[in-house]
Amino acid sequence: MGACGSKGSTSDKGLASDKDGKKAKDRKEAWERIRQAIPREKTAEAKQRRIELFKKFDKNETGKLCYDEVHSGCLEVLKLDEFTPRVRDITKRAFDKARALGSKLENKGSEDFVEFLEFRLMLCYIYDFFELTVMFDEIDASGNMLVDEEELKRAVPKLEAWGAKVEDPAALFKELDKNGTGSVTFDEFAAWASAVKLDADGDPDNVPESA
């Protein structure tokens, strides 16, 4: 996994307490479907799926995707909104990161669009941000997009199941709460989770490369 987020500004509720009407079983089934829906693998079959998926996203047939096309494709083609109400936030993070990195690759790519060269990269980031969102929402019991110290302490078994070693929950909270506000944002959690390589699904990603 490799993703870092910006400050969570969305007001959408988290998934942890089923405030969006989904139960744990529903989320697990949706998560498995999304794993199958996003062709991230470096295989000929997955690449062919990406070619077909790119064409479905590229409604204007320009050979490049603007953000609105990416967001629309994630809703209409991949149906990622079945998983979380925060699709726009997740896809925007992934789109921005992929196009920024893609524009630096051999001076190719566009600053405003994602081309096929960056498409797999973007899909990997979408998957990463979904995984980070799953973990954060499981910890954020209140659904307010902030994790307090008590929520973190209660989540220690989950953190350890995802691969973290937590010997001192209080010390970990101080480490995560970089600005000392008394709560941990999605951005702070995502940076730490990526650094320690937390894995919610047991399927570690390869380092994203070109299409």
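Keep in mind that glycine also has a Cβ here, set from the backbone N, Cα and C atoms.
Predicted, not measured: the structure shown is a model, and the values here were computed from it.
Listed by Swiss-Prot as binding Ca(2+) 2 are D140, S142, N144; the candidate from E150, E151 that the record includes in that site is E151. Other Cβ atoms within 10 Å of the Cβ of T62 (Ca(2+) 1 binding site) number 11 in total over all chains. Same-chain residues lying 6 or more positions outside the domain 'EF-hand 1' (45-80) and placing a CB less than 8 Å from one of its CB atoms are 34, 37-39, 87-88, 90-92, 95, 110, 112-116, 119-120, 122-123, 126, 130, 211. Shown for the domain 'EF-hand 4' (164-199): DSSP residue counts in helix, strand and coil, namely 18 helix, 2 strand, 16 coil.
E69 (Ca(2+) 1 binding site) has E188 as its nearest neighbour among the binding-site residues D177, N179, T181, S183, E188, going by CA to CA distance.
With the fewest other C-beta atoms within 10 Å around its C-beta, N179 stands out among the binding-site residues N179, S183.
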